[in-house]
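Annotated features, as they stand in Swiss-Prot:
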COILED    731-762  coiled coil
COILED    821-908  coiled coil
COILED    937-1055  coiled coil
COILED    1119-1344  coiled coil
COMPBIAS  250-259  compositional bias 'Polar residues'
COMPBIAS  260-272  compositional bias 'Basic and acidic residues'
COMPBIAS  295-306  compositional bias 'Basic and acidic residues'
COMPBIAS  355-367  compositional bias 'Polar residues'
COMPBIAS  389-400  compositional bias 'Polar residues'
COMPBIAS  436-455  compositional bias 'Basic and acidic residues'
COMPBIAS  471-491  compositional bias 'Basic and acidic residues'
COMPBIAS  579-600  compositional bias 'Polar residues'
REGION    249-307  region 'Disordered'
REGION    349-607  region 'Disordered'
REPEAT    19-48  repeat 'ANK 1'
REPEAT    52-81  repeat 'ANK 2'
REPEAT    85-114  repeat 'ANK 3'
REPEAT    118-147  repeat 'ANK 4'
REPEAT    151-180  repeat 'ANK 5'
REPEAT    184-213  repeat 'ANK 6'
Amino acid sequence: MERLCSDGFAFPHYYIKPYHLKRIHRAVLRGNLEKLKYLLLTYYDANKRDRKERTALHLACATGQPEMVHLLVSRRCELNLCDREDRTPLIKAVQLRQEACATLLLQNGADPNITDVFGRTALHYAVYNEDTSMIEKLLSHGTNIEECSKNEYQPLLLAVSRRKVKMVEFLLKKKANVNAIDYLGRSALILAVTLGEKDIVILLLQHNIDVFSRDVYGKLAEDYASEAENRVIFDLIYEYKRKRYEDLPINSNPVSPQKQRAEKATSDDKDSVSNIATEIKEGPISGTVSSQKQPAEKATSDEKDSVSNIATEIKEGQQSGTVSPQKQSAQKVIFKKKVSLLNIATRIMGGGKSGTVSSQKQPASKTASDKTDSALNTATEIKDGLQCGTVSSQKQQALKATTDEEGSVSNIATEIKDGEKSGTVSSQKKPALKATSDEKDSFSNITREKKDGEISRTVSSQKPPALKATSVKEDSVLNIAREKKDGEKSRTVSFEQPPGLKATRDEKDSLLNIARGKKDGEKTRRVSSHKQPSLKATSDKEDSVPNMATETKDEQISGTVSCQKQPALKATSDKKDSVSNIPTEIKDGQQSGTVSSQKQPAWKATSVKKDSVSNIATEIKDGQIRGTVSSQRRPALKTTGDEKDSVSNIAREIKDGEKSGTVSPQKQSAQKVIFKKKVSLLNIATRITGGGKSGTEYPENLRTLKATIENKDSVLNTATKMKEVQTSTPAEQDLEMASEGEQKRLEEYENNQPQVKNQIHSRDDLDDIIQSSQTVSEDGDSLCCNCKNVILLIDQHEMKCKDCVHLLKIKNTFCLWKRLIKLKDNHCEQLRVKIRKLKNKASVLQKRISEKEEIKSQLKHEILELEKELCSLRFAIQQEKKKRRNVEELHQKVREKLRITEEQYRIEADVTKPIKPALKSAEVELKTGGNNSNQVSETDEKEDLLHENRLMQDEIARLRLEKDTIKNQNLEKKYLKDFEIVKRKHEDLQKALKRNGETLAKTIACYSGQLAALTDENTTLRSKLEKQRESRQRLETEMQSYRCRLNAARCDHDQSHSSKRDQELAFQGTVDKCRHLQENLNSHVLILSLQLSKAESKSRVLKTELHYTGEALKEKALVFEHVQSELKQKQSQMKDIEKMYKSGYNTMEKCIEKQERFCQLKKQNMLLQQQLDDARNKADNQEKAILNIQARCDARVQNLQAECRKHRLLLEEDNKMLVNELNHSKEKECQYEKEKAEREVAVRQLQQKRDDVLNKGSATKALLDASSRHCTYLENGMQDSRKKLDQMRSQFQEIQDQLTATIRCTKEMEGDTQKLEVEHVMMRKIIKKQDDQIERLEKILQHSSLMLQVFES
């Protein structure tokens, strides 16, 4: 059971039982080469299989026997046979790491690219085992490094999913595909991001992996990183993208990552409009122009329209060419919706040499409106001179949407006018529109050929667009109009467009209009147009009526124009409208012209069917030359009904010229009401004749005109109905004008041809009906038209149809109608077969999913069991550790005891040295037999002691070795743990450093501007402070000068006092002079005092100013602090805004996920409807699954029984070992007892000796003490041995407990098998219920089919 539930990598070994094998297999398993040689010599089949479909080579490779493999290979054994798991011997050898066997097989030509049941090759298992040498050998022998099944990983993806970094690096070096994807569209980068493997992500980015690849759910690796909140990986991918954009060339003008991230914001709608118009005018020498545009847009809005129009006109150099006003008006009509356009026009004039111009633009715009339009208009006009010119334009557009509606319209209109020599024009357009839901591709290729006499010209136009959408609306229109001829030679233009597109929903509409023809000179040409639409759908019905016929004849030269078109449009939504109208009318004076107008509007009713009408009626005759119409025109010019219920194309026509365009929703609703009878009608009612000569019409043409005249009443009725239903819109007026104009033309033609009416016969009408039925049989919706034609003919001819000829013809028409019904039934049967196949595939996938779920549940159960086993193993390890600790403690005790004994022996030796002479004298005296006995006893004791010492030394050496090994193991474990801890710490520190560096860079970037502003303010303040300091220094210098003066004045004053004394002593008579001098001095002192007061006042003023400046500085510091607080508040506000932004972004993502879930629910509903028919298959499959489950259960029970037996055998062996150990311990105990008895005898002898030698000295007392100590040591050893015996007994009891536990597990497994049987019974009941439901559904389907038959009859 475990083997069946494995993932292919677990349980690689074969589960072998003897009754599975045959003789050759047994010989291989036993390794008996001689028997194998004998069997091979007796012509025994070397490729014989056992009951498990294994060959001898399989077993030899699985068991790793290269000699056996060499022998089998030399006997030409088949190397590529598979076992039950579809595994070859090579796969088995690689899986089990048998490199020698694998190399032998590879050297002898084994195929390494064969896959097993799981879709894996030998390379997958080598990658899983991380066997690099084996991988190199496989690759050298031609292994495909990308080989795998659809549902399996490639080797590189397997290495990534298993987190094998070394193997990823090795495979990348071996040039594995980095951009490989799995069945869910996930690349290696997406897998690595989901697993959170940073190293693998770095490796993949180093090897330039595609970062923009999306999986089935439309998600990028960056999206998964953001969902997982793995900041490191997200930053790595973001930096890689930024570097890629920086490394792009200058002309490419890449979109910056900020813009890309802004495009993913929470805006409801986005508009991306880019219009490029390039006009290149060339001279006599050719020029090359290439324009590329790659816009990338993403929107989460309600509607999104993408319009791309390319109009290229190549005009002659010397001849004049003009564009008709009708064409200009048709090009203007496409842009009736709300479109914002960005026009970029580059014009490059080429002189005498060729030039190359490349323009690339990648706009990304974002708006918050409800409806968005994305228009891409490119118009290139190239004028050629005398020589040939080559123009190539490429356009690549990638638009992504998860919205409700998408429209994609591409209009191509090219006109070619050639001069004297040939020219080649190639235009390519490659738009790619992507949606996050299910998407498909569509391609259309256009080729044209022109032949001119001896000179051949080729015009190739390719258009491979890939349109992908799962939204509600999708418009795809291709309009191509191109025909011009010159000279007197006939030319051929072939126009092909074979696109293949698929539709999986309700309806498809494809409208293609091709019309343009011109005549020159006195020549006419023949125009034959064919249209072959190929539409594929799994919807209810698809109708398409291709009818085009325009022919004109001339006298001298005839030309043919063939136009083939195979459009296929894919839709997965409710409504689709695709309208394109390019009418052209070219009228010349004396020359004849051909006008071809085609209109195929497609209106969709809420019912299942739809109608597709194409009307082409153009025939203009020349004035001077009489033209004829061949009889091949009959099937194209016909009518399909005269009743009032059938509606002509007048109710569906859209005005040509400036009034042509898309249809309004009001008109659509009105037309849905009118066209309830699901009629497809083809009317050709435009015939204009002119000129100077008389022309005659053959009856073939007149019959068709008669039929169209009879349809006049129905046409007028439909026009009046349209008036009543619709409101007054411009589309209504267009329909009324069209119906009135057609009515007038038909009445004029009827008045001019009265005789032709009377010549119409029933035979001709019946021929027309037969031919019309043949043409309409190409499409599936022409049956009701044939029925109505027959009824109308019977109503017209009334009683004239009673003759046998007419009745036979009517019967023939009915037979043809029945044949058509049979053809349609066959087509329906084919579709049913396809649907059944798809349902079978879906049931198989569901089986696989259920099996995988069962495997997952079993794996979880196994994981729990393994965890239990791990717990038990951990407990056993802990017990072993405890045992080792006990052993170490015993070892230490033994060593201590040995040390003590050695010390005692040394003491005894020291004591015995002085006693030796006394002993010698005693020995001389004691020459009796007692002396001999004493000598014998001493020699025996010495031998015993030596033997014990040797045993103890051996045990000590053994214990030391064990201790050293245990210590080394513990140290290694500690070092490994420490190394891992250091590694983790180092990684965490590196991560923290990176994060801190990133945060620092961000904070530096944020605060750099603020710091700059603050530094500016600080510089201004510092300049002011410096000025104030300078002024203060000046004041201080002045104060110092004043102080110097005061000091000088004081000195003068002192000197004056001294002089005064001297003068008083010297000159007593000069008192008057002294007084005078005193007065002078007083006056000077007053002056100086005044100056001092002034200086003090100035110093006070300066102090006040300093105080004021200090206060101003304090105020500025407060202002600075206030500014800092405001900055902090702003930062907090910014953080809050960022949080709000993140929350809004999360809500937007949730809305997108809800929309995706809604789409998925729709798809699931469709799948559930389809699964009703598969119920029977499921029932059968469930029965098979139940049988398989029973087989698996039996195998599981058998495996468990075998495992239990093995476990029992192992336990029995363990018990035997324990018993042997117990016996061994008992023997040791007996030996110890014997030794104890001998020692007791020796002690008694020593006691006797002690009594004899008490008089000789006190040395014997020390010997007795040593012997007593030795005895105590032996007793301790006995106790330790008893403890060991107790431990062994406890282990034996634990083993018995384990046996009982295994027995309980077997009983539980038996209970599980009973539960599975009960579930089997329940499943059978459920299958019976489902069978009843299937029978009810079949009855309902039969009833519905009968009702449908009744309605059809």
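Note that Cβ sites are derived from N, Cα and C of the backbone, with glycine treated the same way.
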Exercise. Across the coiled coil (1119-1344), what does the pLDDT come to on average, as a whole number?
Worked result: 75
For this session: Using a Cβ cut-off of under 8 Å, list the residues of the same chain at least 6 residues beyond the repeat 'ANK 5' (151-180) that approach it.
Result: 115, 118-120, 123-124, 127-128, 130, 132, 135, 139, 145, 186-188, 191-192, 195, 197, 199-200, 203-204, 207-210, 213, 848
Problem set entry | Long-range Cβ neighbours of the repeat 'ANK 1' (19-48) (under 8 Å; 6 or more residues past either end) | 54-57, 59-60, 63, 65, 67-68, 71-72, 75-78, 81
Problem set entry | Close approaches to the repeat 'ANK 4' (118-147) from elsewhere in its chain (Cβ under 8 angstroms; 6 or more beyond its ends) | 7-9, 88, 90-91, 94-95, 97, 99, 102-103, 106, 112, 153-156, 158-159, 162, 164, 166-167, 170-171, 174-177, 180
For this session: Mind tallying the repeat 'ANK 3' (85-114) by DSSP state, helix then strand then coil?
Result: 16 helix, 0 strand, 14 coil
Exercise. DSSP helix, strand and coil counts for the repeat 'ANK 1' (19-48)?
Worked result: 19 helix, 0 strand, 11 coil
